[in-house]
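For reference, the structure discussed in these notes is given below.
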Amino acid sequence: MQHKKRYATLVLTIFMALALIVSACGNNANNGAAVDNGSQSGADAGANNGGTSEELTLKLLMVGAKPVDYDVVFTELNNKLKEKINATVEVEFLDWSDWTQKYPLKFAANEDFDIAYTANWAFYNDQALKGGFLELTEDMLSTNMPQTWAAMPKVAWEQAKVDGKLYMVPHNNTEVTDKVVLIREDLRQKHNLEPVNSPESFANYVKAIAANEKGVTAYGAKAADGWKWHELDQILLEQQNEWNLVDYNVPLAYKLDDASGQLFNVYDTPEFKSLLTYYKDLADNGAWSKNVVSNKNDVWQDIKAGKVASYAQNLGTVAANVAEARRDTPDLEMAIADLTPDKKKIGAISTQNGMAIHATSKKVERSLMFIDLMQNDKELHDLVMYGIAGTHYEPVGDDKFNAGPSAANYTGFSNWGFNSPLNRTDASYPQEAIDMSAEWESKLHHFPLETFVFDDSKVKNQVASVGNVMLRYAIPLEYGLIPDIDKGQAELLKQLEAAGINEIQQELQSQIDAFLANQQ
Amino acid sequence: MNRHGFWGEVVKHKTLLLMLTPAVLFFLLFAYIPMTGIVLAFKQFNYAGGVFGSPWNGLDNFRFFFDSGDAWRVTRNTALYNIAFIIVNNVLQIAAAILLFEVAGKWFRKITQTALFLPYFISWVVVGAIAYNLFNYDVGTINVFLRAVGMEPIDIYNTAAYWPLILVIISAWKAIGYGTIMYLAAITSIDTEMYEAAEIDGANVFQRIFKITIPNLYPTLIILILLAIGNIFRGDFGMFYNMVGNNGILFSTTDVIDTYVFRSLITSNEIGMSAAAGFYQSVLGFATIMLANWAVRKYDKDRALF
């Protein structure tokens, strides 16, 4: 009768099941072949020094939309690659709209590809634990990607290990994950407000805008996107108190200066309680829309249209926003505000971006050589990151660039996996952001648990339930939609307990203890 | 039946069988073969093992759903919403079909029919965006209007109690065109001699509707309801997700199995657990449809599905 499309899990499962069954017979054969190939090509490698005699086509899986000028750039890239390693590449793009569904399917169906973009936010741990990626040994890395092996800090490899094994060639880029706030500098000056550099001055700014600027929402958030731990929480709870949340799907954190890594429930702290009062005060003063948890608009577009006066994001994103605004909407003056300037800064772990080898790839050596070139060959790196000089970008010196006439035709996909010290910075990138990030790097705090990764396979039921409770009880509470915050917090804690937060805490703590014991 | 008889039957009905083949193949390929995937509900899935080689883990995959304490709430919500949709949608569709049939003007009928059918083609994503612009507290059309006439604005997105009604209305609005056409087709196929005879006997328009049209619609109605009942434990994900999204305040009255499972598992990407939830829905749906069919059979053998 009605053949309505359902995107729900069952149909997904059925399609997956179908795809699997169709490929099931070939599956074992493939696995076997891969093993054979491994030992064989090992021999080959010895025989003909890396073995680039046979021409190969490497298949890449990237997330993001296919750039308009993909053909132009990659034809150029392939010409050079053929010369250097006798290989060409073909990229398959998984569009942003449904990559989270397609990405695991590519592995489940064991499709034919060699290299996959991955990241801690893009299924890295998950796929590694499920056996989607090939384990990379030191031997393989030092033989096939000598330049990367030399250039990459050892800690980056350590951070990319899951359960002690490496499955990814991480990008080579230090980055601070701290979040900042984008504000409207012109509005701040118009209302004679003090500079925004602390939670209090931010509250003043937001309240003043809410009271005096009709038709402007003071703070914009896209709470409807299903994230359980928001940028403002990250700033006002984690950064402000120098905590670190182990996994953004579970509200468990430890203090940065606590060498023993004792976990606690962030929702069950006086700091959270006072943050709730802070949030409630903002909400009651109309700082954000009453329907913030149903908001379907793109916050940045609303800011550009002058409808929203602040939001929180990564420094890199906000800086790019400021650069874009200076180009497109010069009448709106924007500024970057760090609300926690004096606190310890945490470096992004290397798995923020990276490339992994598909477990059943038969072109492992060449794939590693390819990644090596992408990260360390200046000419190829420029090509894959920025496109063709003069068309997509204008090189400025050796380390800067300006957007070219058709910059928009080569952008928007996960080539960040190839980030390296050879990256150029946008010449229009705001100076204050460069300064800020330089200052952060000087305050970068390193601690033993930095490289710890949570393996939730033993408590996945509880993690799923806790995530649900965070969405259902914590988010509305934080956005001030629950009239009585004490009752709301009590209810949240009760529900978390019922969902099994204690079992997660036990499991996580024992993993942390074991990790720390191992390090000594 | 002997072999000759079987082949005899095949030859005799070859045209009908040929027409049946695509549908049989479709269901074989997309419903029966994938059914073996149910084993995933009892397995700890990994890529090395695939569907059949992954290790068994008993009923572990079902635990997340039942241990959470939400199983009863979301199952109840799913069933109640679907019952409401079945009743409201069918009543409205039959009413619309009869009205369209009785209306004389051909142009009016065509235009109305098209207008009713239009929402069916609007994607839920778009409907969700339209709803947001209608219901939004600050700038939504409804509240702008209420403020303009001096009334208090209503905070729809923060009030769970409104949502059952909103969802029922939206579902009816979207489904009415499709159902109306099916019922209209059923009405057109009613023997016109009956109406002529009724007219000669002096029946008025209401008597015609209640004594002839509606009783003749029963078979269609029963089949449609039986088919719908099989899906009573499946929430319309597109609708619920796009209308409600991740708004926790509304979950108490709007969470259905499909949205709950999606939300819980979207980050963990556990195929086994979603297969378990799907299996749970299928078992419940199977039981309900058997029960409903049995009840119809008891009442009137000819009207049951099987």
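Heads up, the Cβ atoms here are built off N, Cα and C, so glycines get one too.
Residues or ranges marked as domain 'ABC transmembrane type-1' by TrEMBL: B:75-292.
Below 8 angstroms of C-beta separation, residues 10, 51-52, 54, 56-59, 61-62, 271-272, 275-276, 278-279 of the same chain, each at least six residues beyond the ends of the transmembrane segment (B:16-42), sit close to that stretch. The feature transmembrane segment is assigned by TrEMBL to B:16-42 (among others).
Feature annotation from TrEMBL assigns transmembrane segment to B:79-103 (among others). Here the transmembrane segment (B:79-103) has Cβ contacts under 8 Å with residues 109, 112-113, 116, 164, 167-168, 171-172, 175-176, 179-184, 186-188, 205, 209, 213-214, 217, 221, 224-225, 228-229, 231-235, 256 of the same chain, all six or more residues outside its ends.
As annotated by TrEMBL, transmembrane segment applies to B:115-135 (among others). Note on the transmembrane segment (B:115-135): residues 96, 141-143, 156-157, 166, 170, 173-178, 180-181, 238-239, 241-243, 245 of its chain, located 6 or more positions outside it, place their CB under 8 angstroms from a CB of the stretch.
Look at TrEMBL and you will find B:161-185 (among others) tagged as transmembrane segment.
Per TrEMBL, the feature transmembrane segment maps to B:216-233 (among others).
Annotation source TrEMBL lists transmembrane segment at B:278-296 (among others).
Sequence-distant contacts of the transmembrane segment (B:278-296) (same chain, six or more residues past either end, CB-CB distance under 8 Å): 38, 41, 62, 65, 75, 222, 225-226, 229-234, 257, 303-306.
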